[in-house]
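One structure is given below, encoded as structure tokens.
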Amino acid sequence: MSVVGSFEQLERLRDLFYKLLDLRDTLRERGVAWPKPLSEEAALGTVRVKVGFPAMLKRGVIMDVTNVEQAQIAEDAGAVGVMVLDKLPYDVRRAGGVARMADLKVIEEVMAHVTIPVSAKVRIGHYYEAFLLEQVGVDLIDESEVLTPVDEQHHINKWMFTVPFVNGARELCEALRRISEGASMIRSKGEAGTGNVAEAVKHFKSIYGAIKSLAAGDEERVRDFARQCQVPFELVALTAKLQRLPVITFAAGGIATPADAALMMWLGADGVFVGSGIFKSQDPRERAEAIVLATAHWDDPETVVEAQKMVSERGAMMGIDIRTLKPEELLQTRGV
């Protein structure tokens, strides 16, 4: 499987990307159109581009939003992207019924009003929701267990699309299966809509614990694991060699405070998704800024202290103890 050779190369690609964005904004201010040949000749859909784009989001926060106002708050707070939904995961859990892709009109409105990347969720196995999002022009598609799956046994073949996909995973086999299907980015599933980061912690420790075990083993151990997971040997071998997943890996599921975000970064996340934790809180602007600060500077305790002081526990979303949920109420078990 072809992947970008090194994360140093991805860092340079990210720097180039931001320079191009600055140039684009300067040209817009001067009333000059963006040179057409650059957009026409872009290598859309290649593995290098699809894996490279998420790498530009490292140390960043992608926030769930349901409208333009929330998207603008996220952008002002420093989010590296927004994820457009019809309902926030907390509300999806409360509402029940069938959760589907957000309205295309809302997605287009958000795209028209912010300059950061715009993502949206599709139901597991729903090819046509993904086709529609690709046609609309989103930057990233999340094949998400938060929405009601249309196929309990099969995920989307993501190699068919030019848009990069992100998928959730609870353990290493699940993550590698999604990558073998073409996922350009992995996130922990956690337990969305609970404001409880415990499951995300469990999933990250499971994934990286298994990788550490593989890295300490021999080739036969890698082959056995590949057979067990039903994924290519080369993918498992690459993961063992890198001692991490070969794609960008974000934390998601229950992140509600700056300390939660810093914890997940400390456990090895490249960045975080925040779902209900911001816009189901009483202080969304301050909390968004604080989580962005803590994520970007997780390895500087003084800055994380500063970020944590920006919010109050009294303003946090009301969390749900996962131990009180019935098995059929768990979202993380959707997908295989």
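Backbone N, Cα and C atoms are what each Cβ position is placed from, and that goes for glycine too.
Small disclaimer: the values here were computed from a predicted structure and weren't measured.
The following features are taken from Swiss-Prot:
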type	residues	note
ACT_SITE	LYS121	active site, schiff-base intermediate with D-ribose 5-phosphate
BINDING	ASP64, GLY193, GLY254, GLY275, SER276	D-ribose 5-phosphate binding site
BINDING	LYS205	D-glyceraldehyde 3-phosphate binding site
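Sequence-distant neighbours of ASP64 (D-ribose 5-phosphate binding site) (same chain, six or more apart, CB under 8 Å from its CB) are VAL82, MET83, LEU85, LEU88, PRO89, PHE273, VAL274, GLY275, SER276, ILE278, PHE279, listed in sequence order. Neighbour counts of Cβ atoms within 10 Å were compared for the recorded positions LYS121, LYS205, and the top value is held by LYS121.
If you measure from the Cα atom of LYS205 (D-glyceraldehyde 3-phosphate binding site) to that of LYS121 (active site, schiff-base intermediate with D-ribose 5-phosphate), you get 25 Å.
Taking the C-alpha positions, the distance from LYS121 (active site, schiff-base intermediate with D-ribose 5-phosphate) to GLY254 (D-ribose 5-phosphate binding site) comes to 17 Å. Within 10 Å of the C-beta atom of SER276 (D-ribose 5-phosphate binding site) sit 26 other C-beta atoms, taking all shown protein chains into account.
Look at GLY275 (D-ribose 5-phosphate binding site): DSSP puts it in coil. Within 10 Å of the Cβ of GLY275 (D-ribose 5-phosphate binding site) there are 28 other Cβ atoms, across all protein chains. The Cβ neighbour count for GLY254 (D-ribose 5-phosphate binding site), using a 10 Å radius and every protein chain shown, is 29. According to DSSP, LYS205 (D-glyceraldehyde 3-phosphate binding site) is assigned to a helical segment.
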